[in-house]
Amino acid sequence: MVKLAKAGKNQGDPKKMAPPPKEVEEDSEDEEMSEDEEDDSSGEEVVIPQKKGKKAAATSAKKVVVSPTKKVAVATPAKKAAVTPGKKAAATPAKKTVTPAKAVATPGKKGATPGKALVATPGKKGAAIPAKGAKNGKNAKKEDSDEEEEDDSEEDDEDDEDEDEDEDEIEPAVMKAAAAAPASEDEDDEDDEDDEDEDDDDEEDDSEEEAMETTPAKGKKAAKVVPVKAKNVAEDEDEEEDDEDEDDDDDEDDEDEDDDDEDEEEEEEEEEPVKEAPGKRKKEMAKQKAAPEAKKQKVEGTEPTTAFNLFVGNLNFNKSAPELKTGISDVFAKNDLAVVDVRIGMTRKFGYVDFESAEDLEKALELTGLKVFGNEIKLEKPKGKDSKKERDARTLLAKNLPYKVTQDELKEVFEDAAEIRLVSKDGKSKGIAYIEFKTEADAEKTFEEKQGTEIDGRSISLYYTGEKGQNQDYRGGKNSTWSGESKTLVLSNLSYSATEETLQEVFEKATFIKVPQNQNGKSKGYAFIEFASFEDAKEALNSCNKREIEGRAIRLELQGPRGSPNARSQPSKTLFVKGLSEDTTEETLKESFDGSVRARIVTDRETGSSKGFGFVDFNSEEDAKAAKEAMEDGEIDGNKVTLDWAKPKGEGGFGGRGGGRGGFGGRGGGRGGRGGFGGRGRGGFGGRGGFRGGRGGGGDHKPQGKKTKFE
């Protein structure tokens, strides 16, 4: 407890204390003796001895000092004083340090020392209140009135409980009052050795306490001193006291600060920064959102000065805007082109140049290789809001390009192209490119002349983009509608190792070849072969169908129109069979159809298990029709199967009408059906409803794989 009394030793002068009230005059002799001792020992200390002896007075006074230093009403040091005789009444004057002159030095009735409250002047009213008291006089007045009422109730020194409750009520005011009182907080220690130690400590803290030596007057100036003093006292007492009450007071101070004016808050922050409450931050953020900054302009300057504008890209952004303007103007001036204005973008990576006439603009577009500050600039017409439709009309999409082709190689083929953009993914070419021309007429001319041109052994296909491309036949080159003469073949049963290059060697007249791949970059087992005319497609169908490619006999058929409801109803030489049992083999499938020449079951490449569907080939469409009629509603290995004409990607893939009716597994899905336990015939062991769960049932078995969709 010795270290706690050092905080305000050098603050205060006995001459400045208020005249004592009537209660103090009764013990005037004792007070005069204490004043003489104070003048002899240290001109700044005020020690009032107790009647029982100098040492006892110092002890009781020391206990009293701790109370105002630690918020007074925290009910910690003041209550400790009640343990020893003669100190019980000391808590009362310690509390009354926050009252006006009336209670400045009210001693206890039992003769205890008045707790060195003599220095508290009327001007202390402003300093004895927390930060909010300095800002708002109403709070100070309210607390003063409460203190006066408490003085009357505290005349009975034996009622300790009432005193503690009253102290808790005015706790915020008392805490700051004790912090601001100049010399009333310092007393001698219990013995002379403690006094010497305290003097040494006070010399170290003189620099910190100089700001508190003058008694603060009413107003905001007192509030500036409060946070510093309170902070120093709190730091000294953290070692011995519990700070829970102090934290509560700090929270109350923060809430009060939120309600004060911003100007008053700024004054306090100049003296001691105070932690902002969360509510205050939210208010500031709301103000910032309410007044957002104006959006930055993308281009410095105003609207174009003329209608003849030129976009300039790839500028050296390390240069300032004025330097770029001067450099661009000089470059065009060297080419006898007068520049009206130059507007630089905010990023300084691009800009716009305004010319006087369309002739100057056209001449500028013809310039190439111009450099500004070491960067070769890019010149083109600005892209307006309505220019996308125009660009699409003069842009072609080239497919089936070699993956290693470069822009320079394409430039040799498309000499009239204004811009060539190769499409790539993850740094790898996708075999397609966009070819943009200066005019729509150039695009149409190239479309007719370059369709099917070979590049590195691959025949390229050209397509329109935009609205023209929507009316164009899928993979069909020119605009057309379905007339029953498709130019595209669908190739199935393709080896997974086959590539587009392999198919190009087989189908030499093909203009476009696509082998769909999965996410791992592997073939899905089918392909699309496009030709320049229906005759070429028909010829390839007759000559290459069932040819072996890398160990597998391929199947070819003409592609019907996409989305046609009757596409699957067209007969062919191949039947599509779904609803197969997991145990059905290709031999069993082939034997189930009279006249069949080949059968294949689609399996999962990872697990090798059947996907529940397959294909059966015949020598002619007539044989296929007969087999289809014979096996309609038939069963294979106990499963009822569904038959249809083989057709790649239609309105719902192989999953029936829109993928409904159970997908691959018959009506309602799964493996059910009427089939029995075994055999090919109808009925079998289980009769209708069968062993595995009847119509639509999947029983206890897992579904038969994923639906395969063609692209």
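Cβ from N, Cα, C; glycine included.
Here Swiss-Prot flags Ser28 (among others) as phosphoserine.
Among the features that Swiss-Prot reports, phosphoserine is placed at Ser41 (among others), with the record citing similarity to another entry.
The phosphoserine feature in Swiss-Prot is assigned to Ser42 (among others); the stated evidence is similarity to another entry.
For 56-107 (among others), the entry in Swiss-Prot reads compositional bias 'Low complexity'.
Annotation comment: Swiss-Prot describes 58-65 as repeat '1'.
According to Swiss-Prot, the phosphoserine annotation covers Ser67 (among others), on the basis of similarity to another entry.
Summarising the annotation, Swiss-Prot assigns repeat '2' to 75-82.
Annotation source Swiss-Prot lists compositional bias 'Low complexity' at 122-137 (among others).
Positions annotated as phosphoserine by Swiss-Prot: Ser145 (among others).
The feature phosphoserine is assigned by Swiss-Prot to Ser153 (among others).
Under the heading phosphoserine, Swiss-Prot lists Ser184 (among others), citing similarity to another entry as support.
The phosphoserine feature in Swiss-Prot is assigned to Ser207 (among others); the stated evidence is similarity to another entry.
Taken from Swiss-Prot, the feature compositional bias 'Basic and acidic residues' covers 274-301 (among others).
Among the features that Swiss-Prot reports, SUMO1 cross-link is placed at Lys298 (among others).
Under the heading SUMO2 cross-link, Swiss-Prot lists Lys298 (among others).
Residues or ranges marked as domain 'RRM 1' by Swiss-Prot on the basis of sequence analysis: 308-384. Summed and averaged per residue, pLDDT over the domain 'RRM 1' (308-384) gives 87.
Ser459 (phosphoserine) sits 42 Å from Ser592 (phosphoserine), taking the C-alpha atoms as the reference points. The recorded positions recorded for this entry are Lys325, Ser461, Lys514, Lys578, Lys590, and the Cα of Lys325 lies nearest to that of Lys371 (SUMO2 cross-link). Here Lys590 (SUMO1 cross-link) comes close to Ser596, Arg598, Ala599, Val616: these same-chain residues lie at least six apart in sequence, with C-beta atoms under 8 angstroms from its C-beta. For Lys578 (SUMO2 cross-link), the nearest neighbour among the listed recorded positions (Lys325, Lys378, Ser461, Lys625), judged by C-alpha distance, is Lys625. Annotation for the recorded sites Lys325, Lys378, Lys578: lowest Cβ count within 10 Å of the residue's own Cβ, Lys378.
According to DSSP, Lys590 (SUMO1 cross-link) is assigned to a helical segment.
Other C-beta atoms found within 10 angstroms of the C-beta of Ser459 (phosphoserine) number 21, with every protein chain shown included. Cβ neighbours within 10 Å of Lys625 (SUMO2 cross-link), excluding its own Cβ and spanning all shown chains: 16. Look at Lys625 (SUMO2 cross-link): DSSP puts it in a helix.
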